[in-house]
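Feature list (source: TrEMBL):
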- 103-304: domain 'ABC transmembrane type-1' (DOMAIN)
- 15-37: transmembrane segment (TRANSMEM)
- 109-131: transmembrane segment (TRANSMEM)
- 143-165: transmembrane segment (TRANSMEM)
- 177-200: transmembrane segment (TRANSMEM)
- 239-261: transmembrane segment (TRANSMEM)
- 281-307: transmembrane segment (TRANSMEM)
Amino acid sequence: MSATRFARLTVKRGLHLLFVLWGISVITFGMVCLAPGDPAEVMLAARNDAPSPEKVAALRQELGLDDPLWLRYIRWLGHAVVLDLGRSYKTGEPVSREILSRLPATLELALSTFAFVVIFSTLSGVVSALCRDRMPDRLGRAGAILSISLPDYWLGLLLIFFLSLRLGLFPVMGREGAASFVLPVLTLGLSIAAVQGRVLRAGIIEIMSRDHVRFAHAKGLSQRSVFRRHVLRNALPPILTLWGMCLGHLLGGAVVVETVFSWPGLGKLSVEAVLNRDFPLIQGAVLFMALCYVVASQVTDLICRLLDPRISEGRA
């Protein structure tokens, strides 16, 4: 792909990203506006302050809640663009600071899980494809079906029961030491890696049946060389897309898993915000999660098109 074409595609993807984020901002703002209850009353209650009519009216005036909806949205969007997402009703701290304080824990869990997913899905996909319809492939298929069938919260509880409570191998919850990563990473990564491993397996099997692979074998190239240069390289673009979406999802915070394991990340912060009806924090968390997912998807798409120009030409 030429530099000009890639630059044009990057600009196009950037504009698409802005449009998607704008749509998400509209949905997020509308979701909070349609939520039951008066934000002024919720804010006073969160501060343990009796919401008298006078205090509610004064706070509504201060927050601009009596202004037209479109004006409130424009004002909120203008602040959000410069990363001013308001203040938490519960703590009074800036929402951006609340999110940043939980970001390291989510990054640690997300990157650990992502590494596990990449390694496990690649190994399982390659082994299953090379051992097609034999025991390793059947075990991989059974494991994929089992892991997909179990919801994350149920799998997490099973791992806690057997590996923590019964065997005492890993801590039940918290974020202290390398051992505390094992159960959350397994809970998050097993089902994702199982699905992606089957996708990679299918891609490898399909590519191995193509004419150019048969021709490479006929030229006398070794099995390892053919697999590395002609099979695996062509099977990677689809799985790269899935890896990018997986990373975006993980960076946005794993709500269920972080709650089950009391992991102090963005997912747990989102649950706490919903339970406390902390509307500014809910808006900020949703926007950040959406930003992570959309940016990861767009960047992955650009990387795939750069590695395989046939995708841009519609020939892949």
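Quick reminder: no glycine exception, Cβ is built from N, Cα and C everywhere.
Automatic, uncurated: that is what TrEMBL annotation is.
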Item to check | the transmembrane segment (239-261) touching the transmembrane segment (143-165) per 3+ Cβ pairs under 8 Å rule | outcome: yes
Checklist entry - Any residues 6+ beyond the ends of the transmembrane segment (177-200) with a Cβ under 8 Å from its own? => result 108-109, 112-113, 116-117, 120-126, 128-129, 140-141, 143-144, 147-148, 150, 152, 155-156, 159-160, 163-164, 169-171, 235, 238-239, 242-243, 246, 250, 254, 257-258, 260-261, 263
